[in-house]
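The structure under discussion appears below in the form of structure tokens.
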Amino acid sequence: PITSAFLYTLNSGKSPGLQIWRIENMHLAPVAKASFGTFFTGDSYILLNTIELKGSSKRWDLHFWLGDESSQDERGAAAILATQMDDKLNGVPVQYREVQGHESSIFSGYFKGGITYKKGGVASGFNHARTNVSDVKRLLHLKGKRMVRMTEVEMTWKSFNQGDIFIVEVENDLFQWNGSVSNRYERLKGCEIINNIKNNEKAGKGKITVLDEGDKYPASMLKALAGSPKDIRPEVVDEDVSQKPIKRKAATLYHVSSDTGTLEMKEIGAAPFKQDSLLSGDCFIVDNGAKHSIFVWKGKAASKDERVGALKNAEEFIKTKKYKPFTKIQVMAEGAESALFTQFFKDWKRKDHVEGFGKAYSVNKIAIVDKTKFDVKELYKTPKLAAKHGMVDNGSGKVQVWRIEGNDKVAINKEEYGRFYTGDCYIILYTYTPRSREEYIIYFWQGAQATKDEIGGSAILTTKLDDQYGGRPVQVRVVEGKEPPHLLSIFGNPLVISKGGYDKTAKKEIGLSETALYQVRSTSAGGTKAIEVTNSASSLNSNDAFVVKTKNECFVWIGRGASDAEVAAARFTAGAICKHSVAEQKEGSESSQFWSVLGGKKEYASSPRMLEDLDSNPPRLFAISNAKGRVTIEEVPGEFTQGDLEPDDVMMLDAWDVVFIWIGEGANAEERSVAPGLVKEYIDTDPRGRDSNCPVHTVKMNMEPVNFVGFFPSWDHEFFNRRDSY
């Protein structure tokens, strides 16, 4: 049965993005994208994230997730299926074992809106629900700040405690309950999540009520919950290992073998290790048990039994060492090492390592670089990928676009498709025919400068459009800058986002820039978009391509680290927004006229660090906070953005060659005073043995230098001034 179930995955890993399957009766069942981030505690799941690198190469992260109440059979099937999928992709993926409540930061980063645990599972007849539902009664317990986990708990006042946030959902009424000891950031996160539930799961329906502990509670809420508010428990102290002090105990390298039938371990030494300690004919384990994680490395010449048994050996290793059962496991093949693994080795060199700004052309199966003509649809070409996956098709279906004007939606000309304005909201209806029957997706895109009325109107009008099609469409709320891969593919060309917005009185777009600068960047999932940024040379970034337009001139600026896709997208953008001939400017050989248009030459993000492949030592963002009465350190999961910088905290950005301390305007005195010492301890205990004299830069909110903002996509200098308060 397991082998036949694997037929579901024949198209896995071909297109960029995330795919999720649930183990159902030892078979793989695809999970609908609308349910991504929701997991039943009685089930096990497999997740595959495909990342398109510059060029045409790919890398994969393969996770199998185990619910607390899943059966041993399901857990075993998940491990076997993950191994089969790994084999199908030539052993290149990095495998992760994920245990409920202790997920890795990479896993948590897929779900910026948080992870939701639901009671039950497939054996109990529970299925992933679709959006736009009203007949729901549930109580969600929110834990964590950046890695938010939402657990469905018993609908009783005994489930509440004074230190956390709870969301009570009764049909179309949503209540956010704030414990008296909860902090401002947790309450703000609760607001974001309850709005996401309303917009994404209920398609804008329902009423939100925010309540503090001790308020007068509505009758419908009291009726839905068993017991009384007298049953509320005191604060429960967090025991999240991700928030413990940053000091690190040295990791240990072991040679492992099970050829004799029992696990044999030989200690090699403590970190930092030498890369040549890893032998291609063997398997090794890096033991970082002090941080609840171990890494298994499979040499390419190791026996098949050893490679297949790597995960089993890791689990046996955890038992032998008497580590916690939730200890994280990463399994990787030689040549496909993760950054979290290579950090334990001094001066790790990849086989395709190059110096400076050169491009690497790898000769193995991991990264074959092939220059191809830019075509968005080709990036997503995949044979009949079901609608339940990230890419429902190649984006060639029928597209209709409306702009929100007051209480109505107004169709826009086809020539304007894919041309959005940051002051507007749009509804996009996508129609495709996967199996001789029309299916629909409704995207409602909300610009960063749109009014609250327009944002609310986009959700309401989306619901009305959904009703016109009998409730069959899948609804997707899209906030500017967070466009999913499929939306980027349906216009056939790069998405162009400009400043300004439509004025109903003037009957035209207003607030447009006569002189404008657009940053063109590829997303990790393969799509490309052009976003208007501040018209200044300081906005340039050597990683990307840019378009500059004036009333009489147009330039395409090509950064030394820009990909072929970004250059091609910049050329298209210039042709779409400029009425004049285009002059190309390569970084380092710009004309004086080009600098004049940008107000003069200025410093911009151009260090070699930003231009090289960041896979070896990727930038990492941490929050330093004492919101719970003690100083904690928490890494921001996934790809971070400017929105992850919390004004009430101190943040640390580790860019390897330099470490930044970012001080939010609301950070308190203790956070500011302890941050430098914590950062020094972080550098001194780095297992890579980095220079203790690594420069540390302290920057303040709204005064960030270009070498800091260059690590964040499309930095907006007005972002913090516009940010909503709790």
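Just so you know, glycine gets a Cβ as well, placed from its N, Cα and C.
Marked as domain 'Gelsolin-like' by TrEMBL: 27-107 (among others).
Under the heading domain 'Gelsolin-like', TrEMBL lists 147-215 (among others).
TrEMBL lists 271-341 (among others) with the feature domain 'Gelsolin-like'. Confidence for the domain 'Gelsolin-like' (271-341), expressed as mean pLDDT, is 85.
Here TrEMBL flags 408-488 (among others) as domain 'Gelsolin-like'. Each residue in the domain 'Gelsolin-like' (408-488) gets a DSSP state, and the totals come to 24 helix, 29 strand, 28 coil.
If you look up TrEMBL, you'll see 530-571 (among others) marked as domain 'Gelsolin-like'. With a cut-off of 8 Å between Cβ atoms, the residues of this chain six or more beyond the domain 'Gelsolin-like' (530-571) that come close are 54-55, 357, 371-374, 379, 422, 481, 494-499, 513-522, 577-588, 590, 593-595, 597-607, 610-611, 706, 710, 714-717.
For the domain 'Gelsolin-like' (632-708), the DSSP counts in helix, strand and coil order read 22 helix, 19 strand, 36 coil. Per TrEMBL, domain 'Gelsolin-like' is recorded for 632-708 (among others).
The domain 'Gelsolin-like' (147-215): residue composition by secondary structure is 21 helix, 25 strand, 23 coil, according to DSSP. Mapped onto DSSP classes, the domain 'Gelsolin-like' (530-571) shows 11 helix, 15 strand, 16 coil.
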